[in-house]
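Notes follow once the structure below has been shown.
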Amino acid sequence: MKAVTESVTARSAAVGVLNAVLGEGEMLSQVVLPDALSGPDRARAERLATQVLRQLDRIDRVLKPLLRKAPPLAVLNILRLAVYERADGAAAHGVVNEAVSLARRGKRTTHLSGLVNAVLRALPEVVDLAALPPPQMPRWLRQPMVHAYGREAVSAIEAVQALVPAVDITPKAAAVAVPEGERLPSGSIRLATPGQITQLPGYDAGDWWVQDAAAAMAVRLMTVQPGETVLDVCAAPGGKTLQLADAGAVVTALDISAPRMARVEENLARTGLSARLVVADALHWSPEERFDAILLDAPCSATGTLRRHPDLPFIKDGSEVAGLVELQAALLDRALGWLKPGGRLVYCTCSLLPAEGEEQLAAALLRHPGLAVVPPALTWLPPEWVTPQGGVRLRPDYWGGMDGFFIATLTAP
Ligand SMILES: C[S@@+](CC[C@H](N)C(=O)[O-])C[C@H]1O[C@@H](n2cnc3c(N)ncnc32)[C@H](O)[C@@H]1O
């Protein structure tokens, strides 16, 4: 983790974040903003940096004809932020003045403040990023997706990934106060303009929690009965643990990470739900008793969450995928041994890669004779989301935008 220390305005902090992500491969969520930044400026800096990353390729297309050669990254990021702000409707003179003064203040950029001025003054009157093709995913991710889902689907996914995602929430079964929003067929509620989440009705009372509609579907597919014993193998930060506990299951939530498990504890406390918490490596842990059902929300490339994590294409290169696929298979094999006879295991990943979904399922069926896929039995689930094997492939372009997920329910004799 690296602190962004160069300056204290929202704009300069946003450029610092861009430098950290694009120059040093820092995760957006790990970049530390300067303490001097006020709450609203902090939120603005994060919003600006996130939006620039989401629109980066479009912004660079606008800048390309105006640059004879690529300037140093710190200068380029000042220009990128200014182009985004112009496209977002900010007045040209204010954006240019701020960008030039930002360049003048930086040790690495001051000598090129004239270039910043010249380039930004040459921008067209109207900067319309939405008129340009949406940014494409990196090749290591795009290629297998084109192969699996086709070009048209991949283009539709990329179009959605360029938009600011809505916030979905999962209400408790007995929720009293739930914010206004669009109720999705699966029961999630979509908030179009949520504002500050903690200020919304029912937040303090724990009547609901933020959870993407796709992420909430794995537990819905489990059709949990009250009193069933359920193990949530990779539980933190706990959105699915809350759903399981709310459905009346006797939940054991396990995760390898103590700090992440602390978030499960906080979430349970706020919502007044309960679960037994275990911090352990599932590859070495063993339960005392078997379970009626198990949820394995396995660690994965998280490529299905690109809408909300637009830094991902710039900090990952796909080299971790093979190791993750191996870990997922090992966790799956181990967890299958903890099921009661006839019990069910829901395997899911928030990945767009077939290697972590469809192919992982096919390999598990080959490794475990007798293992069967339980086809989903939810009336609201569009049949075209069900794969030939009986899994569920959720794509980010469904329902106007959701996380990419693969979910399959398995049962062993
Ligand atoms: C996709 S996240 C789980 C998200 C969670 N189910 C939810 O809905 O909030 C994957 C989790 O797996 C955990 N994990 C990774 N390797 C593990 C292992 N060997 N044993 C147990 N947990 C592990 C990580 O710490 C991480 O919290």
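Cβ from N, Cα, C; glycine included.
S-adenosyl-L-methionine binds C234, A235, A236, P237, G238, G239, K240, D281, D297 as TrEMBL records it, and from the list D212, D255, D317 the residue named for this site is D255. Cα-Cα distance from C350 (active site, nucleophile) to G238 (S-adenosyl-L-methionine binding site): 14 Å (rounded to the nearest whole number).
DSSP gives C350 (active site, nucleophile) a coil state; it is part of no helix or strand.
Residues C234, A235, A236, P237, G238, G239, K240, D255, D281, D297, recorded as binding S-adenosyl-L-methionine, reach a greatest CA to CA spacing of 20 Å.
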